[in-house]
């Protein structure tokens with residue numbers, strides 16, 4: 001695994017352009033499996049996870065071409081519905097090809113997924129949803145096989161928790177079950193859900209209510225060719241916003257959707273960050289003092305996002321008092337805390353809540369990245385810290401941040417990557 005060397009402290013300034021959303025691109029690329037004609041996707045970020053999902057489509061027999069953030073997908077002439085373990089193990093989102101493949105071709109097999117190790121992230125909701133849609137499910141030797149049986153005319157699925165992955169999986173699968181009317185309650189409301197629904201509708205599907213807790217899907221028989229542009233990555237935008245504030249910098253963040261990050265901006269303002277909205281797609285972040293302590297609760301959208309939890313803890317580690325961050329989505333998502341302590345942070349974790357006792361500054365050290373967003377948090381910490389910070393096993397960061405070394409360098413950071 002690679003290593004990132006950061007010389008700090010930095011003060012980020014300038015401008016950074018946000019890439020297309022990883023969390024929107026992955027389910028949309030997976031949904032391309034149901035296309036009867038070609039689809040063209042624009043603003044697709046060039047990331048390890050995106051490349052893996054494209055490999056999965058190629059394994060299924062699709063014909064793809066990916067260049068300059070544009071992906072074309074054409075349906076297979078001879079489909080393969082048994083997706084190999086070596087692809088699926090790399091990331092959790094790969095499991096979302098099971099339902100679309102089985103709905104399209106009658107039967108499919110996918111290994112249980114891999115991805116970030118950040119606590120319990122069960123696929124039970126996915127499987128229960130597929131069963132209600134008329135699929136028989138068999139799990140043997142780590143492989144899940146779904147086979148389409150008699151299609152129900154009316155289906156009501158109520159998720160116990162508004163899972164993003166389960167919402168996307170069920171929505172995409174139900175979209176091509178011709179003759180089936182599906183109501184999905186307690187659905188996730190994230191912007192990526194809306195983007196997926198817009199893509200499905202661009203293909204001729206009939207999905208209504210995405211972005212609310214109740215989604216209605218009328219299955220269609222055929223889809224049409226379409227062109228769709230992926231929304232900006234709100235997690236990347238939020239990460240850079242926190243990084244600028246944490247380094248007491250002054251920078252403009254471009255090509256984001258400001259309305260997607262209201263919860264983050266509320267927290268940053270409470271901590272004393274100056275945020276100037278230039279327009280709907282650009283903001284200026286400015287900070288010239290240590291942050292004020294705040295209380296943050298991590299909840300499903302439109303609340304504060306779990307994927308920005310490690311970053312905000314890092315920012316608050318130099319606050320002028322004691323802050324708390326309570327995690328309600330992935331309660332064990334605190335592996336980064338031990339690494340932050342190595343840099344001088346004073347943090348306790350108790351029953352899903354991090355208690356952060358602000359210190360005056362951090363100091364560079366060797367640390368290990370435990371997952372994608374933890375890696376991003378450690379990068380921010382390295383930018384904040386005095387001296388040299390060496391982040392080992394940092395390759396995970398390339399799963400979610402396009403050209404991060406180049407972007408940070410353009411913001412005046414001193415960052416170097418070693419394989």
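FYI, residue positions are counted from 1 along the chain as it appears here.
Note: Cβ is positioned from N, Cα and C throughout, glycine not excepted.
Annotation source Swiss-Prot lists active site, proton donor at 116, citing sequence analysis.
Annotation source Swiss-Prot lists phosphoenolpyruvate binding site at 22, 23, citing sequence analysis. Cβ neighbours within 10 Å of residue 23 (phosphoenolpyruvate binding site), excluding its own Cβ and spanning all shown chains: 27.
Summarising the environment of residue 92 (UDP-N-acetyl-alpha-D-glucosamine binding site), the number of other Cβ atoms within 10 Å of its Cβ, over all protein chains shown, is 19. Residues or ranges marked as UDP-N-acetyl-alpha-D-glucosamine binding site in Swiss-Prot: 92, 307, 329.
Among the features that Swiss-Prot reports, 2-(S-cysteinyl)pyruvic acid O-phosphothioketal is placed at 116, with the record citing sequence analysis.
Mapped onto three states, the DSSP output places residue 92 (UDP-N-acetyl-alpha-D-glucosamine binding site) in helix. Following the DSSP three-state reduction, the secondary structure of residue 307 (UDP-N-acetyl-alpha-D-glucosamine binding site) is helix.
A C-beta separation below 8 Å, combined with a sequence spacing of at least six in one chain, links residue 22 (phosphoenolpyruvate binding site) to 45, 47, 49, 50, 233, 235, 236, 399, 400. For residue 307 (UDP-N-acetyl-alpha-D-glucosamine binding site), the same-chain residues 6+ apart in sequence whose C-beta sits under 8 angstroms from its C-beta are 23, 235, 238, 373.
Taking Cβ-Cβ distances under 8 Å and a sequence gap of 6 or more within the same chain, the neighbours of residue 329 (UDP-N-acetyl-alpha-D-glucosamine binding site) are 298, 299, 300, 306.
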